[in-house]
């Protein structure tokens, strides 16, 4: 199948055009339109959360209108223009991430490094999953002074880095890892669960009656809460058995904001010039439950000790329990936050480039990313729009990428797919 499109009444056999569009659009144009729609979805997620906190940017809204319109039937048949739209989507996603970062920092303060517990405290519990910091804060306000303790899950882990959230004593720790462990995790702990955004899964019967959604998230058979009154969630938590006092086997570090890392720039420069730091790598992204994604842990474990790893998004859970130590006080593993905090990794790279007096593309920096869904598509186009090279992507190529699109991505943007950890490390470090 070269393409699939069934958005108009002319569609082949009334079921879908699969070789060429009845309208005349080529398979490559159809796939680039799909790519653009996926990027728009990713931008919309970050833009939505910024607007929840009262922050807006009409330029982003205007682009979303125009870009979506361009995919309408009989509007645009030009493949090159859709590549340009994708790059513009990358630039708009950069603005959306900047807007959301500003919203988070002005609302909750700039993150600072913190160690997060991974065990449980004696008392009642609520697990919060998703990405929505506002929903978390409103819940924390409502459980203050009670024995109902709140645990983050997956992409909510970075919440612990924000001073305005960390101040709440009922924010206890983090349970579980990436989004896909939730069915097992939520069934294991007798707690109420609040799903706040994307990355929720249809629940099993074992915990459906104690799960709630809020904001954009919806699940069949699960109570949805409009607004931020979480009384029902709290009462459900109170009705359940206590969690045991059980310390975790390790702690997780997060909260490395742009300012924190940039404050170390001169020290980092000294270490690079002394040969103690030889390469920086961004390893992270959206994780998937494929055996293939064991690659990322093995990759980091096999890196030489003169490397520093910046991680983010739920892909961090492949590696954030590893003790990589430090290089003269500079941590070798730096967690900068959620997937939208890709902006932090970008700002760190730009700051280091300035310190060294070079372009970002001239830094000893490689990106090794895992992708799962549409937000990752928007982020990839952001990186490409910034002119970044040395990007490795896995676990698989996007299904909508055909040979023509792949040629553009590899020839013009230098995109590579992951192979084997040792082979890629040798290629990256040129050893």
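Glycine too: its Cβ is placed from the backbone N, Cα and C atoms.
Residues annotated as [4Fe-4S] cluster binding site in Swiss-Prot, with sequence analysis given as evidence: 5, 8, 17, 23. DSSP assigns residue 5 ([4Fe-4S] cluster binding site) to a strand in the three-state reduction. Long-range C-beta contacts of residue 5 ([4Fe-4S] cluster binding site), restricted to its own chain and to partners at least six residues apart, with a cutoff below 8 Å, comprise 11, 16, 17, 21, 25, 30.
Under the DSSP three-state reduction, residue 314 (hybrid [4Fe-2O-2S] cluster binding site) is assigned to helix. Positions annotated as hybrid [4Fe-2O-2S] cluster binding site by Swiss-Prot, on the basis of sequence analysis: 131, 155, 199, 286, 314, 339, 373, 375.
The annotation cysteine persulfide is assigned in Swiss-Prot to 286. Counting every protein chain shown, 22 other Cβ atoms lie within 10 Å of the Cβ of residue 286 (hybrid [4Fe-2O-2S] cluster binding site). Secondary structure at residue 286 (hybrid [4Fe-2O-2S] cluster binding site), taken from DSSP and collapsed to helix, strand or coil, is coil.
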Notebook entry, point to check: When a 10 Å sphere is centred on the Cβ of residue 199 (hybrid [4Fe-2O-2S] cluster binding site), how many other Cβ atoms does it contain?
Noted result: 24
Margin query: Measuring Cα to Cα, how far is residue 375 (hybrid [4Fe-2O-2S] cluster binding site) from residue 8 ([4Fe-4S] cluster binding site) in Å?
Written below: 27
Checklist line | Nonlocal neighbours by CB distance (under 8 Å) for residue 131 (hybrid [4Fe-2O-2S] cluster binding site), same chain, sequence gap 6 or more | finding: 45, 49, 155, 156, 196, 197, 198, 199, 338, 339, 340
Next item on the list: Specify the count of other C-beta atoms within 10 Å of the C-beta of residue 23 ([4Fe-4S] cluster binding site).
Entry: 17
Next item on the list: Using C-alpha positions only, work out which of the binding-site residues 286, 314, 373 is nearest to residue 8 ([4Fe-4S] cluster binding site).
Entry: 373
Check: Under a criterion of Cβ-Cβ distance under 8 Å and sequence separation of at least 6, what residues of the same chain contact residue 373 (hybrid [4Fe-2O-2S] cluster binding site)?
Finding: 42, 198, 286
Next item on the list: Enumerate same-chain residues with a sequence separation of six or more from residue 314 (hybrid [4Fe-2O-2S] cluster binding site) and a Cβ-Cβ distance below 8 A; give 'none' if the list is empty.
Entry: 154, 155, 177, 178, 179, 199, 286, 287, 339
